[in-house]
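**Student:** Just dropping this structure here.
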Amino acid sequence: MQEQQYQLNSAVAEQREVSGVLRNTYGLLALTLAFSGLVAYVSQQMRLPYPNVFVVLIGFYGLFFLTVKLRNSAWGLVSTFALTGFMGYTLGPILNMYLGLPNGGSVITSAFAMTALVFFGLSAYVLTTRKDMSFLSGFITAGFFVLLGAVLVSLFFQISGLQLAISAGFVLFSSAMILYQTSAIIHGGERNYIMATISLYVSIYNLFISLLQIFGIAGGDD
């Protein structure tokens, strides 16, 4: 009887912890997306240039690893907003590039709507079914290296359709990451809401950029 009561108490405590992580993650994610969007708007309105690729890589990975190091302290929140603000800054020049196209406004609107639909749809699916998506870890690892190789190839060779294939690959990769990370929170694989937020934010960012490229290419063929 005592063992059953202990198991019940443990299950209740675990469920409370999961609910807390989910609540904190989605709350912080909403704030970082809003902050990132504000920075992107300012960057776009000021017509700031897109930074050098090395600046982007150093800025992103530097702030990312800083966030990992500070994830268990209040400073982790500061570095989280620094990272997402930096990514918002890089988004501004990209939006200006698409706004310069004849159908740029509709491309951005379509990419934004599809990103929201995919994120909310996948999140709702995992939260409702509570399926364990840990089996996606192998696909995610393999997908990362395949996409990395494809990106490197695209830097040196002009292959017809490769950019579209890379963008489609990133859509699948980002979708898998959303499923995996949401499932990890539910099933105990992730208990740090800062890391969960960063993972979901990066997935949403990559998903949006990839959909922008796909809709932009499709619109250019019209």
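Here the Cβ of each residue, glycine as well, is placed from N, Cα and C on the backbone.
Pasting the relevant annotations from Swiss-Prot:
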type	residues	note
TRANSMEM	26-46	transmembrane segment
TRANSMEM	48-68	transmembrane segment
TRANSMEM	75-95	transmembrane segment
TRANSMEM	107-127	transmembrane segment
TRANSMEM	139-159	transmembrane segment
TRANSMEM	166-186	transmembrane segment
TRANSMEM	198-218	transmembrane segment
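Quick one: how deep are these features, and who are their neighbours?
**Tutor:** Residues 77, 80-81, 84-85, 87-93, 95-96, 99, 193-194, 197, 200-201, 204-205 of the same chain lie 6 or more positions beyond the ends of the transmembrane segment (26-46) yet place their CB under 8 Å from a CB of it.
Long-range contacts of the transmembrane segment (75-95) within the same chain, counting only residues at least 6 positions beyond its ends with a Cβ under 8 Å from a Cβ of the stretch, are 28, 31-33, 35-51, 56, 59-60, 63-64, 66-67, 108, 194, 197-198, 201-202, 205, 209, 212.
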**Student:** State the residues, same chain only, that lie 6 or more residues beyond the ends of the transmembrane segment (48-68) and have a CB under 8 A from a CB inside it; answer 'none' if no residue qualifies.
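**Tutor:** Counting only partners 6 or more residues beyond its ends, the transmembrane segment (48-68) has Cβ contacts under 8 Å with 76, 79-80, 82-83, 86-87, 89-90, 92-94, 97, 194-195, 198.
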